[in-house]
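The following features are taken from TrEMBL:
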COMPBIAS  A:295-309  compositional bias 'Polar residues'
COMPBIAS  A:374-384  compositional bias 'Polar residues'
COMPBIAS  A:385-407  compositional bias 'Basic and acidic residues'
COMPBIAS  A:410-423  compositional bias 'Polar residues'
COMPBIAS  A:424-435  compositional bias 'Basic and acidic residues'
COMPBIAS  A:436-445  compositional bias 'Basic residues'
DOMAIN    A:36-168  domain 'Exoribonuclease phosphorolytic'
DOMAIN    A:197-264  domain 'Exoribonuclease phosphorolytic'
REGION    A:292-451  region 'Disordered'
Amino acid sequence: MDSRLANSWRLTVNEKNFIKTALQSEIRIDGRKPYEYRKISIKFGRDDGSSEVQLGQTRVMGIVTTQLVQPYRDRPNEGTLSIFTEFSPMADPSFEPGRPGESAVELGRIVDRGLRESRAIDTESLCVLAGKLVWAIRIDLHILDNGGNLVDASNIAALSALLTFRRPECSLGGEDGQQVIVHPPEVKEPLPLTVHHLPIAITFGFFNDESISVIDPTHNEEAVMSGRMTATVNANGDICAIQKAGGEGVTQRVIMQCLQLAIAKATGITKQIKEAVEVYNTERSLRKIKRHPTSVGTIVQGGQTQTSGKEGVSESPGNHIERLKQLSGETCTSQSSEERKTTSTDGNAKNLIRGPTTWDPYSKGVGPELLKTSLASQGTSMPNEKQDLRNEKKPGEAEVEGHHPEDANPGSSAINESLTGLQTKKERTLEDAVKPKSKRKKKASSKTGAS
Amino acid sequence: MEIDREDGRTQNQLRPLACSRNILNRAHGSASWSQGDTKVLAAVYGPKSGTKKNENPEKACIEVIWKPKTGQIGKLEREYEMVLKRTLQSICILTINPNTTTSVIIQVVNDDGALLPCAINAACAALVDAAIPMKHLAVAICCCLTESGYVILDPTKLEEQTMKSFAYLVFPNSILSVLPEESLLVGGERMEHGIITSVTHGVMSVDDYFHCLERGRAASTKLSDFLRRNLQRHQTNPSKAG
């Protein structure tokens, strides 16, 4: 449609000059330094294998699904991996629906090469019946918002989705052992994929004047820059792939500098992805635990009340929105996400544990973690949350078993006693055997809801 | 007789609703709507100049693009696009910006039943966020008919698949007006009792269908209240150029 040309976005000459001049003094228009990455936040959906990554203003959603197919002739005992990129018209008015354009294809190829050629995913473990049936992994990348640097965000989305994906377990049966029975998730726990390492893509932009290079360009900078390079590296220092398709020529020194910088950034990003996946996995295992509504014996009555998450519209929707934003499947972000974790487990809560009646927010020695008491009805969730809390806050500490956990805030003995009492009544699970905790978190929204 | 639903809800109980607007930066208007586990993201761009070949250039045109969570775009997606387009065309004021196209893009984030109503609600909220002129809003609900003839609201995917039949119903939202009651009536009936869209699947008797309509109407009042409260709470950004 030629009238669409009128709708395509162009940067004005003034804006272009401003960006270039600012870069000469090492300032970028969003306030970053030239080698500073934007904030990454990784969230996961309810199902396994769906992730949403936000890199500054860029938003990408990654979905992983799988299917049993016939393998390729020349690789009869390897599974397949295919990546589909959708430059949704939602992300940018200039994206057209229909066949992917060249930048969409390039993005798909970069992510694909990073995963396939570097053998990040173990495809041999995806084989079910050699030569007959293998698992075909399909990664769909939906670009929701184009704020620049789609490649990096898509790569992180693909990796997070792959790490949280679970494929169904299948076994061979039948008379000749040639029949494949796929077990549904209720029968047998699905298995995660074998990921050897995480190839992280880092994009650099090059500008005309005096070989200025920036990392993680935004949308405006992409319109100004004259060359780009994407280096896919992993935390071990291996270079998995480099993509520099034309554009401004740069000296070898600059390339080496960029590669070293990429490796440094990759370690940070890998750590972030792993942390987010860890939180998701914990939350997922909490969800799997079968809950009995009457498991908690003593309930400490307190001042805070909160309605359970099942009500219909007749409940005050205002509270709902806040709570549900945390409830509705978003299980983790890159920052500490204990609140989210708790609230998502509370989605099915029927009974509630109230906080102690004599809770004073300004009493000395009560840390922010203690201010939030969990509302989970089932005590089994308690030890897990505390375990993660403990893991995140005091990694070097020795594990403490039993009902008298350490307390960093001695002034809150009242809370401790009630928690201890509660702890004795909980069902014991495997998590209990590892690290029971005393600290509990309350939904942040319950305070806003009640107040 | 009470129907036992898997997740413990009663017959007329909806799943928890959540709506947030202005979540995307590039889109002129965006909204995410979730009913329980079903979550849909809607983005609006518009109005842009020009209409498509077969469209009437004397009116504004609405274009809907439906993106499924995974897989190829097939006939089901095209059907949803068509239903959504016709619904939105009846609520938007098309004479204000003639010869323009407003694009509504729907992205399915998670499908756990009642997908089309969720998408219609999300599209409505996104249109409000983009400040597209509309006559009134639309609220959509899904009503399922069980074997025993009971109507349950807002089914999950499992319930939808096992039920005899279900209907997606779209009503105008409830009116809050200072005008006297009589002037609001259209043909002797209140305006919000009208149906904008109805899509049914499966076989149901006429009585059952009217029963569904009644229940749907009752639920639509609750949905309208939720929508109104939600829209009044947040203010939209004044400008989203580029």
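The backbone N, Cα and C atoms fix where each Cβ goes, glycine too.
On the 0 to 100 pLDDT scale, the domain 'Exoribonuclease phosphorolytic' (A:197-264) averages 91 in the predicted structure. Across the domain 'Exoribonuclease phosphorolytic' (A:36-168), the DSSP tally of helix, strand and coil residues reads 33 helix, 50 strand, 50 coil. When DSSP labels each residue, the domain 'Exoribonuclease phosphorolytic' (A:197-264) comes out as 22 helix, 22 strand, 24 coil, counted as helix, strand and coil in that order.
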